[in-house]
Amino acid sequence: MLSLILFFPSFAFAATPVTPYYGPGHITFDWCGFGDSRSDCTNPQSPMSLDIPQQLCPKFSSKSSSSMFLSLHWNNHSSFVSYDYFNCGVEKVFYEGVNFSPRKQYSCWDEGVDGWIELKTRFYTKLYQMATTSRCIKLIQLQAPSSLPTLQAGVCRTNKQLPDNPRLALLSDTVPTSVQFVLPGSSGTTICTKHLVPFCYLNHGCFTTGGSCLPFGVSYVSDSFYYGYYDATPQIGSTESHDYVCDYLFMEPGTYNASTVGKFLVYPTKSYCMDTMNITVPVQAVQSIWSEQYASDDAIGQACKAPYCIFYNKTTPYTVTNGSDANHGDDEVRMMMQGLLRNSSCISPQGSTPLALYSTEMIYEPNYGSCPQFYKLFDTSGNENIDVISSSYFVATWVLLVVVVILIFVIISFFC
């Protein structure tokens with residue numbers, strides 16, 4: 001009997017390999033997701049169209065045919081489906097982005113399709129960086145500036161739908177002009193301590209009017225903030241070339257001037273409002289691509305980099321054996337998303353570990369984003385790569401187990 005009792009403590013001290021579950025995970029119940037039709041239970045093809053377990057739909061802010069990038073720049077239009085994304089959670093999983101890709105073949109001026117994929121990468125880079133210190137992310141409509149001058153709607157040279165945000169409008173003259181816009185400190189019950197705001201313009205300056213060359217500049221300005229673009233490079237007539245370019249700005253609540261020198265006025269109509277939490281938690285992003293029949297891009301992978309983001313790349317093409325169509329119901333992603341069904345012990349690029357062997361300290365830096373190769377239940381000395389933070393819960397569990405075995409032995413001895 002003594003050997004049986006000694007078995008349990010010796011087992012506890014044995015180093016056991018940890019095999020991560022590849023895919024996103026969460027350590028606490030305070031998590032949320034952002035998605036598209038592959039996580040949208042309101043889609044008529046659901047649940048066959050889902051890449052996530054159906055019971056997780058309430059955890060995701062999702063809209064079929066939409067994306068967070070697309071929704072920031074456009075309103076609902078025949079070519080675009082906009083959605084007011086809104087979700088809150090200390091830990092965040094992003095699985096969207098494919099609805100704006102080379103398949104859409106979008107270009108506004110001379111930047112081309114590749115130029116817009118670069119803008120998509122810039123947007124998601126800033127979104128993921130800002131989201132690490134925010135619990136809530138909410139796309140909001142901004143109040144239109146008052147006392148707008150006479151404006152004519154801008155157009156794309158390609159006859160595509162010009163982005164609605166920011167608004168790019170043609171002035172009736174070239175007198176330097178400013179209008180005020182406000183980034184609010186709250187939206188409903190959501191506190192906005194920061195905003196993700198697009199700043200877009202046509203580059204290379206010098207827009208021609210009546211054969212004359214006019215410089216061009218735009219800016220967002222307040223007493224404590226300035227961001228602008230100015231270019232007077234002459235490009236006249238048929239040689240004149242312009243790219244639609246966007247930068248994505250971290251801006252605080254307040255009143256700003258949108259100013260212009262030249263032909264166009266640019267001001268924002270939407271922003272992603274975010275609050276601020278007192279810890280930094282890297283976000284997780286899953287590769288969002290089409291099946292091989294359509295062109296995809298790697299913007300999500302390029303945007304999601306350590307230390308602010310953990311990227312989960314597919315290892316096979318988008319492949320469906322039991323979905324609603326060739327682009328909904330990928331076998332590999334469905335398997336990857338199973339890790340979201342339960343709390344995990346640690347999160348890393350290699351996956352999550354659904355073992356209750358780690359303390360809640362794993363959500364804080366520098367623990368979040370790493371998992372040990374082995375665990376030892378009691379021993380916390382030595383190499384940090386093979387030991388994890390033990391907790392009194394597990395110590396108590398093993399002590400109780402030993403006590404129960406001893407008690408059973410005593411009872412058996414008493415009746416014998």
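Note: Cβ is positioned from N, Cα and C throughout, glycine not excepted.
These features come from Swiss-Prot:
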{"type": "ACT_SITE", "residues": "Ser37", "note": "active site, nucleophile"}
{"type": "ACT_SITE", "residues": "Asp325", "note": "active site, charge relay system"}
{"type": "ACT_SITE", "residues": "His328", "note": "active site, charge relay system"}
{"type": "DISULFID", "residues": "Cys41-Cys57", "note": "disulfide bond"}
{"type": "DISULFID", "residues": "Cys88-Cys136", "note": "disulfide bond"}
{"type": "DISULFID", "residues": "Cys200-Cys246", "note": "disulfide bond"}
{"type": "DISULFID", "residues": "Cys206-Cys213", "note": "disulfide bond"}
{"type": "DISULFID", "residues": "Cys304-Cys309", "note": "disulfide bond"}
{"type": "DISULFID", "residues": "Cys346-Cys371", "note": "disulfide bond"}
{"type": "CARBOHYD", "residues": "Asn76", "note": "N-linked glycosylation site"}
{"type": "CARBOHYD", "residues": "Asn257", "note": "N-linked glycosylation site"}
{"type": "CARBOHYD", "residues": "Asn278", "note": "N-linked glycosylation site"}
{"type": "CARBOHYD", "residues": "Asn313", "note": "N-linked glycosylation site"}
{"type": "CARBOHYD", "residues": "Asn322", "note": "N-linked glycosylation site"}
{"type": "CARBOHYD", "residues": "Asn343", "note": "N-linked glycosylation site"}
{"type": "REGION", "residues": "122-263", "note": "region 'Receptor binding'"}
{"type": "REGION", "residues": "264-379", "note": "region 'Esterase domain second part'"}
{"type": "SIGNAL", "residues": "1-14", "note": "signal peptide"}
{"type": "TOPO_DOM", "residues": "15-393", "note": "topological domain 'Virion surface'"}
{"type": "TRANSMEM", "residues": "394-414", "note": "transmembrane segment"}
Per-region confidence, the region 'Esterase domain second part' (264-379) (mean pLDDT, whole number): 90
Rounded Cα separation (Å) that holds between Ser37 (active site, nucleophile) and His328 (active site, charge relay system): 8
DSSP-derived structure type at Cys346 (disulfide bond), helix or strand or else coil: strand
Of Cys41, Cys200, Cys206 (the disulfide-bonded residues), the residue whose Cβ has the fewest other Cβ atoms within 10 Å: Cys41
Cβ neighbours of Asn257 (N-linked glycosylation site) where a neighbour is any other Cβ within 10 Å: 17
Secondary structure content of the region 'Esterase domain second part' (264-379), with strand meaning DSSP E or B: 20 helix, 34 strand, 62 coil
Three-state secondary structure, Cys41 (disulfide bond) (per DSSP): coil
Rounded Cα-Cα span from Cys371 (disulfide bond) to Cys57 (disulfide bond), Å: 27
Length of the line joining the Cα atoms of Asn257 (N-linked glycosylation site) and Asn76 (N-linked glycosylation site), in Å: 27
The region 'Receptor binding' (122-263): DSSP-derived helix, strand, coil residue counts: 13 helix, 70 strand, 59 coil
Tertiary neighbours of Asn343 (N-linked glycosylation site) (same chain, Cβ under 8 Å, six or more apart): His26, Ile27, Thr28, Phe29, Pro354
